[in-house]
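As recorded in TrEMBL:
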type     : residues                                                               : note
ACT_SITE : B:LYS207                                                               : active site, proton donor
BINDING  : B:LEU12, B:GLY13, B:SER14, B:GLY15, B:THR16, B:VAL17, B:GLY18, B:THR19 : NADP(+) binding site
BINDING  : B:LYS107                                                               : NADPH binding site
DOMAIN   : B:352-426                                                              : domain 'ACT'
There are 2 protein chains.
Amino acid sequence: MEELKNIKVALLGSGTVGTGVYKLIERQREELPHKVGAGLTVSKVLVRDKNKKREGIDPSVLTDQWEDIITDDEIQIVVEVMGGIEPARTYITEALQAGKNVVTANKDLMAVHGGELLDIASHNGCDLLFEASVAGGIPIIRPLKQCLAGNYISEAMGIVNGTTNFILTKMTHEGMEFDEALALATELGYAEADPTADIEGYDAGRKMAIMASIAFNSRVTFDDVYTEGITNITAKDIKYAEAMGCTIKLLGVAKNTESGIEVRVHPMLIPSDHPLATVNDSFNAVFVHGDAVDDAMFYGRGAGEFPTASAVMGDIIDVARNIQFYCTGRIHCTCYKDLPIKKITEIESKYFMRLLVDDKPGVLARIADTLGKNEVSIAQVIQKNKVNDMAELVVITDLVLEQNFADALVEIKGMEHTREISTVIRVY
Amino acid sequence: MEELKNIKVALLGSGTVGTGVYKLIERQREELPHKVGAGLTVSKVLVRDKNKKREGIDPSVLTDQWEDIITDDEIQIVVEVMGGIEPARTYITEALQAGKNVVTANKDLMAVHGGELLDIASHNGCDLLFEASVAGGIPIIRPLKQCLAGNYISEAMGIVNGTTNFILTKMTHEGMEFDEALALATELGYAEADPTADIEGYDAGRKMAIMASIAFNSRVTFDDVYTEGITNITAKDIKYAEAMGCTIKLLGVAKNTESGIEVRVHPMLIPSDHPLATVNDSFNAVFVHGDAVDDAMFYGRGAGEFPTASAVMGDIIDVARNIQFYCTGRIHCTCYKDLPIKKITEIESKYFMRLLVDDKPGVLARIADTLGKNEVSIAQVIQKNKVNDMAELVVITDLVLEQNFADALVEIKGMEHTREISTVIRVY
């Protein structure tokens, strides 16, 4: 039997995900030759401080010099798990230009510079795979690019941020307020020290940009995504939603319509019997609609050391198989269309609005009149509790143009008898 | 620009799925060159009667001679959607031996002869893909073989038969009895004229054999799968299950344990808040547990013209990409282990048993005694309605060895005061 080939891998970064990948390669040592036809060895790990001890990682592979990796001709796969735009963008570019294949988990980078990097990969006949950049361990990019490649995908919708889903689950099941649930998420390690990217919807927005690009075969970048976070959601909103048979989730919504692509992330009321309504805690799920497959859903862990490493590892194994068959670059960028992207103001939504007004005759009529003038038609108005001299109103609209609703909102805010617009949430 | 290559495809069979595939290739005509780098054309369709008109299919491509296809060197992809063992097995074997790649949706064949056919594919450097053979349109084989390839999968469990799930859903939501629900399924086209393979669990068993082989990297054939259908389930059982907070589903369960592989299909009580409990009507879902990814679930349509054609089409596109990169056979059979397979009698289960006994003192004690002697420990006994001189008992056991329970059941059946063992269902 001929000697088993050994494919050398470099890891850029040894944080949570990097360590997970390192451990998985060790754990799969006996299996890999059978799966890939070659062994895999991590021969270098790029770190900031190579003298710092890293549990489970052989210290002799650590380096703090990118030069050590980029000039090492034996390294065929570079795994970027450092995150952020720079120096990741430069390293990936240089690696691809040097003919090395790249696997990355970096959504910040792929959501902004994905197109450019995939072009460089194509020109150099290399793989650039990024399954872990969307919804962590859940297989979603490969299913879209391969399994569902015979479909026109018209919609991809999902819960793609575990931190906010954990917070909303705690608010829903345990009646916590946002701050309390966020504090718990931080304590349990589900939220980072600076949770902005999660709670403002930026993280979900990046994932939706990448997913929409693949689903619709047309490049969508993070700038194209409208994002709105969950910081204004209250336990009261959730109770009201429940009374209407709904659950509040932070949803990423991407649609391929005749007039262009819509991509947005915002809280949404969805019916409690919708499959996404029962996706709880830090779990993620992505719902896809295709003309052939109809509805399909993918569910699993969207973050964490091993779930994310699982996705990275799937990519590494795929690259290794391509290396064995001399077919790296086999699936290149699939954005071959150039579809227009709609502004949020051009999109139609249904709204749930909760507001406090003076409890006086004629106030409701004036609000209804203002909505009507702006072509916002009302599906339902519910008069809730009266507090002192104020009345709480809940208004549900029909499907209306976002711009029209925004205009109406400005007018209502400015009215003499409006005390407070408590919440505005879109409805599925 | 060089002329676009055109890859020629032959379809074997033009039933529901074949017609769907033909239509999808037409529908994707403009897209395929961008996705694959080549066009795809169906140049021959093998049918029994080539004079019969087939809506949407160009009559000039019809042939009733296998020779026309196997001797046509231009055909690079053979798509087998005729079903059944023969002549499908012979045709696929000959196609692979002639260096043609094969895509099949044939679970009957792959569950029995999958290993042998995959070997032939390997020896000839060809692809043999079969995504549509498990859970129709739901991506499951590619996720297991590629995305989750860095995991040890310990469990794959699912609702993989749409007909029985439709029947059980109707029984649960509308209180129908089995016969009535089956009649409705037949009327709506969810059940075939001879529904045996569906309602007895054989269809699900074949899918579980294929899925277990891939998940555990060890060959499992249909013979290895214990199957039990849903014909004995009554509306009353479902009501009792509901009272216990459970739903009855026909589940395929595959586990990779230290003592061997378990694969079985049978009705099961699962908690109503389990993600599989809300998979209704003809939808399918597969739950997977891996050491890295943790829990993941795949949900969608398990049958039907276009959902199944979607899976076949994903395979065809993958083969076409491999042809373009000269790397067909890139992912071969992944069953490189030879794990033992446990008999059903060696497996541990929890049971729900409903029985009618004479309403006399001492009867319950004798049943409890019989169970105890056979090492079946009881979790709960509920005395239900008394009818005339009979009492209805519901017994829930702890986790017990199937053999022990079977032995106890024989004894209880033979007892003087046992009138009827109404139902025996496993519990999750």
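Placement of Cβ uses the backbone N, Cα and C atoms for every residue, glycine included.
What TrEMBL says about a protein is an automatic prediction, not a curated fact.
A map of TrEMBL features onto the structure.
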residue	record	contacts (Cβ under 8 Å, 6+ apart)
B:LEU12	NADP(+) binding site	B:GLY18, B:LEU46, B:ILE69, B:VAL78, B:VAL79, B:GLU80, B:VAL81, B:MET82, B:ALA88, B:TYR91
B:GLY13	NADP(+) binding site	B:LEU46, B:VAL47, B:GLU80, B:VAL81, B:MET82, B:GLY83
B:SER14	NADP(+) binding site	B:TYR22, B:VAL45, B:VAL47, B:ARG54, B:ILE57, B:LEU62
B:GLY15	NADP(+) binding site	B:VAL81, B:MET82, B:GLY83
B:THR16	NADP(+) binding site	B:GLY304, B:GLU305, B:THR308
B:VAL17	NADP(+) binding site	B:VAL81, B:ALA105, B:ALA132, B:GLU305, B:THR308, B:ALA309, B:VAL312
B:THR19	NADP(+) binding site	B:ARG54, B:GLU55, B:GLY56, B:ILE57, B:GLU305
B:LYS107	NADPH binding site	B:SER133, B:VAL134, B:ASP203, B:ARG206, B:LYS207, B:ILE210
> Around the NADP(+) site recorded as B:LEU12, B:GLY13, B:SER14, B:GLY15, B:THR16, B:VAL17, B:GLY18, B:THR19, what other same-chain residues have a C-beta within 8 angstroms of the site's C-beta center?
Replying inline: B:LEU11, B:GLY20, B:VAL21, B:TYR22, B:VAL81, B:MET82
> Just counting, how many other CB atoms are there within 10 A of the CB of B:LYS207 (active site, proton donor)?
Replying inline: 28
> Quick one: mean pLDDT on the domain 'ACT' (B:352-426)?
Replying inline: 93
>> I want to verify one value. Collapsing DSSP to three states, which class is B:LEU12 (NADP(+) binding site)?
In response: strand
